[in-house]
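Note sheet for the following structure.
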């Protein structure tokens, strides 16, 4: 591909990302799923179970917020598939495809627009958490690294969502499927409770799950503590997710559109 | 005359279903060709192949000499697509939809805004320019669809059932727009389920059935084969059905179609004056009718006349 073609491809990707951002602005309820739900979890778990689980709500909050960030980003990344499926079902893609633009531009656009969604989610969550008493124990650099890592995690796992989105027929089916996948993934982890009291098979999974590892890495970054181990684990998962789901997603995308 | 679109032996199978089963199609530059057929006849599949959205299993097609499979990019820079399956984004406003498409066609920011405003003006959507497309009426939506397909000044336009689901007023608006485009020299391939639409807009009509071309010709040629209009009578009493059938048969010279369940008799006619003759004859015979009408042939009747068989799903 010549540089001119590449340049045009990127520009088309940005134009389509602009469309995605316009859509977020017009349908803020799209963001409700990924902003309100985590806040409800945050409030509920902190005040209901925090005292029992961690001795005090304050210490529980410090442990919970990084975990909820992961859960949040995972849910936000899953809307990519629903969105793409809607576009294909409604015929919007046919118009794009009948135009002389790169075939991957709509995909690139959808993923770029997702970054905006991720940023909004993380900011809203951290603001609410701060109001509730959460404090970053380290510094601004660590906070930025944590946020960047979370966004990168979302970008890696959104390919799973794109894959499912291109495989299933309707947006509703995609939504349902993603819910079924995400729920056990988030709860079967150390986001809400330590893994020590879990049965052996669950603990074995929860200790190495990408959600647990990234949660631990974020805890290290935001609260202080071990970073290297869980960070390495998270990065391995992220690379693995891209290695598996990016080819599958682009294959399904090319087959579908 | 040079051909804008040439398709030869197009085949597309979906499992056992032959969506296209060897279709040839030629559209001369600057003309409107109507593809007429019922649902599932292969009209949309043909448009999707010609718009580079679908690879044919066999056969080939060119748009202004560019092969749709080998050189899709060149084809895409020449075509515009509007219809059932190529749609605007309902969440975006009219302006935003058109600006997005103009940006994708490499207009500058300012150029894109200007192009959008110009098209909205032309399609009388300026007042609704800032509103989300989902708030538009059916007719406005279709006009925006049309505007969207024209952002890149295409020389070939595919209109896939552009008026399906529209009320007569909105349909007339769309027709007016299409006529203007044709006057500006755009080549149009139009698919439709309505003979009247093809008649109104097309220079020639190709009739599809089960993925094959079953008839071709100018609208008046086809209509002559079909019989321009249909005379419909439903006698008040089913007992009169035989008598009325005979009267109608004598009058039109054709054996009328008879539905014993509803008591409806239909026969194709070329001369509208026959209606008043029929009224007089029924009167003479002392027969009253619940329904008596002269109407344009339905697609079913066109099919019956052109192919000698009923369309699928219609009563035998």
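Keep in mind that glycine also has a Cβ here, set from the backbone N, Cα and C atoms.
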Among ranges A:86-103, A:176-193, whichever one TrEMBL labels transmembrane segment: A:176-193
Candidate ranges A:7-30, A:31-54 [criterion: TrEMBL lists as transmembrane segment]: A:31-54
Considering the transmembrane segment (A:176-193), which listed stretch of A:31-54, A:60-84, A:143-164 counts the most C-beta pairs under 8 Å: A:60-84
Long-range Cβ neighbours of the transmembrane segment (A:31-54) (under 8 Å; 6 or more residues past either end): 24, 60-61, 63-65, 68, 71-72, 75-76, 79, 117, 120-121, 124-125, 128-129, 132, 192-193
Considering the transmembrane segment (A:105-131), which listed stretch of A:60-84, A:143-164, A:235-253 counts the most C-beta pairs under 8 Å: A:60-84
Surrounding residues of the transmembrane segment (A:60-84) on its own chain - C-beta under 8 Å, 6+ positions past either end: 20, 23, 30, 33-34, 37-38, 41-42, 45-46, 49-51, 53-54, 106-107, 110-111, 114, 117-118, 121-122, 125-126, 129, 132-135, 137, 146, 150-151, 153-155, 157-158, 160-166, 171, 174-175, 178, 181-182, 185-186, 189-192, 211, 214-216, 218-219, 221-223, 253
